[in-house]
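Have a look at the structure below before the remarks.
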Amino acid sequence: MSSQETYEFQAEITQLMSLIINTVYSNKEIFLRELISNASDALDKIRYQSLSDPKVLESDPELFIRLTPKPEEKVLEIRDSGIGMTKAELINNLGTIAKSGTKAFMEALSAGADVSMIGQFGVGFYSLFLVADRVQVISKHNDDEQYIWESNAGGSFTVTLDEVNERIGRGTILRLFLKEDQLEYLEEKRIKEVVKRHSEFVAYPIQLLVTKEVEKEVPVEEEEKKEETEDDKKPKLEEVDEEEEDKEKSKTKKVKENVKELEELNKTKPLWTRNPSEVTQEEYNAFYKSISNDWEDPLAVKHFSVEGQLEFRAILFIPKRAPFDLFESKKKKNNIKLYVRRVFITDEAEELIPEWLSFVKGVVDSEDLPLNLSREMLQQNKIMKVIKKNIVKKLIEAFNEIAEDSEQFEKFYSAFAKNIKLGIHEDSQNRASLAKLLRYNSTKSVDEQTSLADYVTRMPEHQKNVYFITGESIKAVEKSPFLDALKAKNFEVLFLVDPIDEYAFQQLKEFEGKQLVDITKDFELEESEEEKKQREEEIKEFEPLTAALKEVLGDQVEKVVVSYKLIDAPAAIRTGQFGWSANMERIMKAQALRDSTMSSYMASKKIFEISPKSAIIKELKKRVEDNGAQDRTVKDLTSLLYETALLTSGFTLEEPASFATRINRLISLGLNIDEEESTETAAETATEAPVEEVAPETAMEEVD
C-alpha cells in the first residue's frame, strides 16, 4: 500500500468536530441531508462543466447519489458520481483551511442554536460526526489519481493514494463507521424515512441498495428428475402441445431468494414544473429545506410561471429569519438556483435577483436561456433582465400578502426591514411600492409601528407634509426639542432610528404626493396668518440678541435665528436643507474609511435657533441690552447654551473639556464655592476655552 501522509487539522475545525461528536443533540438524522446536499453540489459542478466539455462525463456518464448500508461492517457508504476531489482539495477543503462559517457556527452553537443549522454555515460535512466516530473519503477527480482521506475526529487526518478499493471512475465515496448507538442508519426503512423528509427534491436520483425477496425458477432436484424418468416409462396418452409445455414446466420450480438491487428514493418530478394548486404546503416546506439548509419552514412561498414571449417557472421562498451573513459583501450569494429546461446551470447568477433581495431562496427554470451560459452571457443577457424584473415584481406582491397578516408581517419586518430600505435606496422603479411596506414608531404610535399610509390618514387637514426625525434611538428622539412645535399643532412625527433610514428617505423624497420633511433640518412649518404676524414681531424684537449671539459664536454657526418651531427648549441647532443632518454626521464620522474632503463639504453649516418664549432667552436678551455682547457672563452663557443645544440636537461636541469646565463652574456657583478654591487644573482648562480670555472675577457671579 502507498505511504500515508498525515496532516494537522486547522484548530477551529478540531474544535468544531469535538463540539459535534460530543453533542447531546437528538435529531442526528440531519447528517444524511447535509451529505446528500454536498453530493448534489458535486454533481451540479460536473454537469455544468459538461455543458462546455462533454468529455468530462466519459469517466462515468451516469449522474447519481448512491447509499449502501453494510450492516456486517457497521458502515454506511454515500457515493456520488460528481466532480470528485484532487489530493490538494481533499487536504484543503476537509482539513487545513477553515471556512468562514466555522467560527460563526461554533459561536451560534455555544449560544444555544440548533445543530441542524450547520449547512447554513458551509460546514455540513462535519455533521457526519453526529453518527460516526471514523470516516474515509475515497475520491477520484478527472485530473488526479484516486485518494483516501481518513479521520477519526482527532487532531489530524491522513491522505493515501488508493491502491486497495475498487476504481470509481469519478466522484466520491464517504464511508461512515457508525457509532454503536447509531446503527439504525443502516436500516432500509430508516434511511428511506430520512431521505423522504429531507432530500426528496434533490435533482439527481438517490439510489439505495436494498435487499428484496424474489421468486425465481430453478431446475428441479436430481431425485425429482429420477421420478420423472420412471414416469416416462409408463404408457402415455397421445401428446399434445399443452402437455409438452407442462412437461417443460415440470423440469423447474419456483423458489424464494434474497437479491440486492438499487431502488430510487426520489422519483417526484421537479416541484416547480407542477401546478401550484397540486402542491401541498408540506411539499413546499420539504423542498425549501432541501435547497436552503434551513431547519425551519419558510415564512411564505411564491410559486408562479410566466408565459408569452418569455417562458419561465419559479418557486421563491421567504425565510423566517435572516441568515447570519446576510450583508457580508465578499460572500457569494447562492440562494437562487438557475435551471434551463430542467438542467441546473448555476447558483451564482447574481444578475437574477438584486442584492437587496439576497435573503430570498428558490429555483428559477427558464425555457429560453441557452444551456451553455457563460458568466459574461449571464451579465449581458436580456432574458435575464426580464426574469429579474418579474421576480422583483412577484416578491413585492408576496411581501404585500404577508402584510395582510400583522403577526406574520412583524416577523418578516424584524428580519428584513433593512433589505426593504436598501431596496428603496437602490431600486428607483419599485421605490413607491416598497415605501408602503415601511413601518415606524412615531409621536402618536410610540409602542407600535405605523405605516406611511396610516400616517397620511391621520394627518390634520392643514398639514401638508410627512414629518420625520432622525436619531440614534427612540429614547434619544422622543424627548427632542424639535418635536414641541409639531406636537402643539397635532402633527405626527415619524422616528427614524435605523442608520439606513435616512439613506432610504433621501431617495424616497415623497409619499403619495406628500413631501417627506426632516425636522432636524431647516424647513417651513405650516402656520396661520396670526402666527406669521407674531413671528415677524418676535424677529424684530430679538434682532439685537441674534446679532450678539452670532458675534460670540462666529464661524461655529451660519446664522442665529428666532425660531417659531421651539416651545419649551431655549435653543436648538438645525442644519441646512442640503447638507448632512446631525444623525448622518454621526454615522459618517463612524466610517473608518470616510472621505475627509466629502465630510467637510457635506457637514452642513449650523443654524442656531433660539426660542422667544423661553425665560432663559428673555433673560439673556436683557443681559445683552444691559452689558453688551462682549460681557464675560454673556459669552459664557452663550457658549454653554450653544453646546447644550448641540447635544440635545443630536450632535457631538468638538471640545467636551471646555463644556465640562463651564458646567463645573456652574456647579461651584451652585455650591457657593469661590473660583479661588477650584483646582489649578480647572483654571488652566478655563483659559483654553475658545470663547474668551479669563477675567479676574467669578465668571457666573451675576447669575441668580
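Glycine residues also receive a Cβ, built from the backbone N, Cα and C atoms like all the rest.
According to Swiss-Prot, the feature ATP binding site maps to Asn38, Asp80, Lys99, Phe125, Arg375, an assignment based on similarity to another entry. Other C-beta atoms found within 10 angstroms of the C-beta of Asp80 (ATP binding site) number 29, with every protein chain shown included.
Here Swiss-Prot flags 219-255 (among others) as region 'Disordered'.
Summarising the annotation, Swiss-Prot assigns compositional bias 'Basic and acidic residues' to 226-238.
If you look up Swiss-Prot, you'll see 675-704 (among others) marked as region 'Disordered'.
Annotated compositional bias 'Low complexity' per Swiss-Prot: 680-689, in sequence order.
Look at Swiss-Prot and you will find 690-704 tagged as compositional bias 'Acidic residues'.
Within the model, the motif 'TPR repeat-binding' (700-704) shows a mean pLDDT value of 42, rounded to a whole number. The motif 'TPR repeat-binding' annotation in Swiss-Prot covers 700-704.
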Residues that sit under 8 angstroms from Asn38 (ATP binding site) by C-beta distance, when 6+ apart in the chain
Gly124, Phe125
